[in-house]
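This report concerns only the one structure given below.
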Amino acid sequence: MTRSLTWDESTLNECDDGTICENRSTCVRHPYKEGKYICNCLAASNDIFFAGLYCEHKATDYCGKLGNDNPTFCTNNGTCRKSVGKNEEHVACQCPSGYVGDYCQFVEGSKPSDWQLNHFMNPVLMGMGNTVHSSGGLTDGAIAGISVGTVLAAMIVVTLGFMWCGRMNTAWSRNEKEMDTGDANGGTRGSFVGGKNLRKSKRNSTGAFAVTPDTLDADGGVLTDALEEKDEMEEVDLDELPNSLELVEETVSSGELA
């Protein structure tokens with residue numbers, strides 16, 4: 001397809017693949033051909049329509065009011081066959097010699113094989129209107145949807161993270177309480193050391209507190225701590241168990257010491 005005879009460099013956009021989009025039309029990534037770009041003529045101007053592979057053909061006659069959902073115009077000095085209403089389809093223009101297409105947008109013999117005569121810009125973009133995103137080929141709605149989806153996904157991840165941390169803290173607190181309760185009910189006093197520790201009561205068979213040699217001071221006085229903790233259990237070595245039992249029996253036989 002022929003290009004404009006004169007370019008206004010200030011209105012050109014060069015795409016990443018080298019495609020030149022004219023008249024301030026924008027580059028759009030081709031949805032099917034990787035690394036290729038096409039020109040979006042609808043983004044060129046709100047006041048002037050352009051047609052062609054590179055949006056190089058400026059509208060020279062309008063067949064309806066600007067702002068119509070379906071652009072209707074002629075290029076290359078073609079003329080409108082009919083004035084078109086807002087919701088009416090474009091009627092093919094009367095083209096001068098050397099031009100063809102419903103918009104007179106093709107020089108004879110230059111129509112791309114994948115275009116139809118009613119395509120005033122790349123057929124991939126036809127019907128997409130101004131919702132085409134110029135740089136990435138995404139619509140504004142798609143970009144908004146992706147943004148909202150990303151935010152929601154982040155919020156869900158953060159919420160799940162807080163829930164998991166809360167459950168772990170609860171589990172740790174429960175384990176600590178169970179360990180504290182175990183120490184209060186027995187702790188190290190109730191543990192066996194080398195299989196030789198044993199509890200014995202400091203009360204005799206009548207229920208009264210029994211005075212044993214391990215509860216006496218050197219001067220024969222009763223240990224204050226032993227009296228205060230008379231309801232507690234003490235640990236003894238199993239190797240000394242026979243001697244300890246003999247002492248208890250002797251104490252019971254001879255009577256309680258006051």
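Every residue, even glycine, has its Cβ placed from backbone N, Cα and C.
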- Query: So, in TrEMBL, which cysteine from Cys80, Cys104 is disulfide-paired with Cys95?
  - Reply: Cys104
- Candidate with sparsest Cβ neighbourhood (10 Å radius) among Cys95, Cys104, the listed disulfide-bonded residues: Cys95
- Item | Mean of pLDDT values spanning the domain 'EGF-like' (59-105) | 86
